[in-house]
Every structure is written in C-alpha cells, then in structure tokens.
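Step one of this worksheet: look at the structure below.
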Amino acid sequence: MRDTRFPCLCGIAASTLLFATTPAIAGEAPADRLKALVDAAVQPVMKANDIPGLAVAISLKGEPHYFSYGLASKEDGRRVTPETLFEIGSVSKTFTATLAGYALTQDKMRLDDRASQHWPALQGSRFDGISLLDLATYTAGGLPLQFPDSVQKDQAQIRDYYRQWQPTYAPGSQRLYSNPSIGLFGYLAARSLGQPFERLMEQQVFPALGLEQTHLDVPEAALAQYAQGYGKDDRPLRVGPGPLDAEGYGVKTSAADLLRFVDANLHPERLDRPWAQALDATHRGYYKVGDMTQGLGWEAYDWPISLKRLQAGNSTPMALQPHRIARLPAPQALEGQRLLNKTGSTNGFGAYVAFVPGRDLGLVILANRNYPNAERVKIAYAILSGLEQQGKVPLKR
C-alpha cells in the first residue's frame, strides 16, 4: 500500500498531462512512475479548476495506492488524506443499487414488479404501470432530475408528488437521468426489506462491505475528517437535507473506503455470498444509449474507448436531456473488458469512480469542489491509459 501526500504544485504547466501517456523514464522505480503519472494527470486540472483538495485512490492488481493533494479545508488548513471524508453525490446511487441487489437476491422484490406493489399509497397512480427496473434505470417516463423545490424531506409530500405525477413518455422508452426515479427505487427496496433505508445502509450494507469511513450522517467523532466543500463563488458548502437524499446522493466517504467498495465490485466472490450476489446484480446491463450500457447504478462502456466518447457519455446532455434507449434482448453481464463508472456531485464536491473488471483495475477521484465531469474523466483516462501503456494492467486470466 502506498500513501503519497503532498501539496498541489499549482505552477506546473498543463502540458505535463502528456506525461501520463508517455513511456516511463528508464530506471525510475515503479512507485515513482505511478506517482509521476498521477501527478501529471491531477495537477493541471486542479489548477485550471481552482480545486482546493483532491484525493486519488487506485486499485492496481489488488494493491491499493493513495495520492492526496491540497486542502480539506481552507479555513483551518487541514490537508487531504486517504481518510478525508468527501460528499460523493450520485456515486451514492451505486450503494443504493447494492441494497436493491440484496433485496432482489433475497427474493423480496423483482425488477418487473410494479412500483405500487411495494408502496400501497401509490396504487391508483401512474406507478401501477411503472416497473422497478424503469425506476432503477431512469426510464419511468420523464421523472425530472430533481424534486420540485416545493417538495421537502417529508413522506407525505413525497407521496403526494408521486401520486400526482404524469409521465411525458411511455415507461421503458426514454432515459432521463433522475434523482426521484432511482430515489424511489431505493426507498421501495428498503420497504421490501421491512426497514428504513438509512438503517439498512448504516447497519447492513456498509458493514457487509467492510466500510468503516462511510456514512449517510457523519457522526460527531468523524467530523474532523469531513472536508469542507466549496461553491463556484468559493463559498463554503455542504449538502443539506432533501427528499430521498440518502437514496440519491447522500453518502459521505473517504478515498480509502470508496476504493474498498471498488475492490468489492472487482472481486464480489470475496464477500459473503448474499452480498456477492447483490453486487453481481448491479453488474447487469439493460439497454444502451450511444456507447453507454445502463446497469443498476453503474454505467458501462466497452474498454478501451476514446476519451472523447467517454466524456460524451458523462456529459451534461446525458444528465439533462431525454434519450431514446435501445433495449438489450436480455440482461447483459457487465464484466471483462468493460469500464464501469459513475460520476457524482453536490454543490461543493465532485466525485468519479471507474473500474475495469478484466484488468483488475479501479480508481476513485474525490474533490471538494464541483468541477466539470469532463475534467474528472480526463484525469481518470490519463491514469488508466497511462497504466496500460506502462504494462501495469495485463488481461486478468
């Protein structure tokens, strides 16, 4: 395990990113080559986007490597470490999918169940004709990116919103990325298991995955590790409460813990069988939009893929605009030479996670500023492709 901690060298030229795709310097130690590769990918992006602090964690053939840059808080001067807690925004959806995968493999629900089967309050609404799979994969018919401002974190208001909602498209026909969609999926998964979502995550999911630095509500004892997020105007920001926030974007975690989650996804067989099956259930693709195959929480691409196409799959239009889907004839295993990824943001934080099962390779990038997805993907792509060019990631046999 390697933990490299140092300040952001903000004077470094953006052109040094090219180092990430050049051969290693002869005689340089492997750890130094990896550090140089990550430095060259990260530092220009930090400078260009005025990112106070950033953490990278890489799983390379089962070995974790950590790289920490800058400040967790500009106010008190705390530096980023692998244990610093970041808000991960929509990367939380992959944890929600894991809980749902557990409910599926325990036969508490099926993806073709109607949503109203698991919440009687929705009976008689449009959710009589919307499946759990539609909710999980953003194809319910046009649920929006966010709840309206008028809907607060109140079950009655949330229920009333869903009861009156009317679809714009036929369920199962168009993808429109949506917190209310996958949020309801997570809520219904918890209902099928007979416990509140938050309790299931904190008491079952996180412990089963070996995560001790992952929280929905950061406990007082861990507050000193919680990074301060920063908005576009450099104002300190942290995520506030919202409807189905835990299900959609509520997880706070460290680079070290999130890498453990990535490792669990790379090697589900190392977990207890119910949780191995739960993770496997999230690694199934149901339809394509362009190059992207939609799984449960995860979005997948054939690997290798060009940087431009990977950025397009994680672009603003993919998040904000509807896209007609191409349904797969049967669920497709997202394994082998595929890159599974997820972006996540809150107003003050930006996250990106990616892994390639067939290369036994994964990485985590966490920052305390919400900066463009294209920049996060650029960092990851430089590291992943650089490692391949250095011959670090042969095919997993």
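Even glycines carry a Cβ here, placed using N, Cα and C.
The active site, acyl-ester intermediate annotation in Swiss-Prot covers Ser90. Annotated active site, proton acceptor per Swiss-Prot: Tyr177, in sequence order, evidence recorded as similarity to another entry. Per Swiss-Prot, the feature beta-lactam binding site maps to Ser90, Gln146, Tyr177, Asn179, Asn370. Annotation comment: Swiss-Prot describes 1-26 as signal peptide, evidence class experimental evidence.
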Inset, instruction - Return the single residue from the recorded positions list (Ser90, Gln146, Asn179, Asn370) that has the minimum number of other CB atoms within 10 Å. - result: Gln146
Inset, instruction - Would you count the other CB atoms within 10 A of the CB of Tyr177 (active site, proton acceptor), including those on all shown protein chains? - result: 20
Legend entry - Minimum Cα separation from Ser90 (active site, acyl-ester intermediate), reported as the residue among recorded positions Gln146, Tyr177, Asn179, Asn370 that achieves it: Asn179
Inset, instruction - Name the secondary structure element type, per DSSP in three states, that contains Ser90 (active site, acyl-ester intermediate). - result: helix
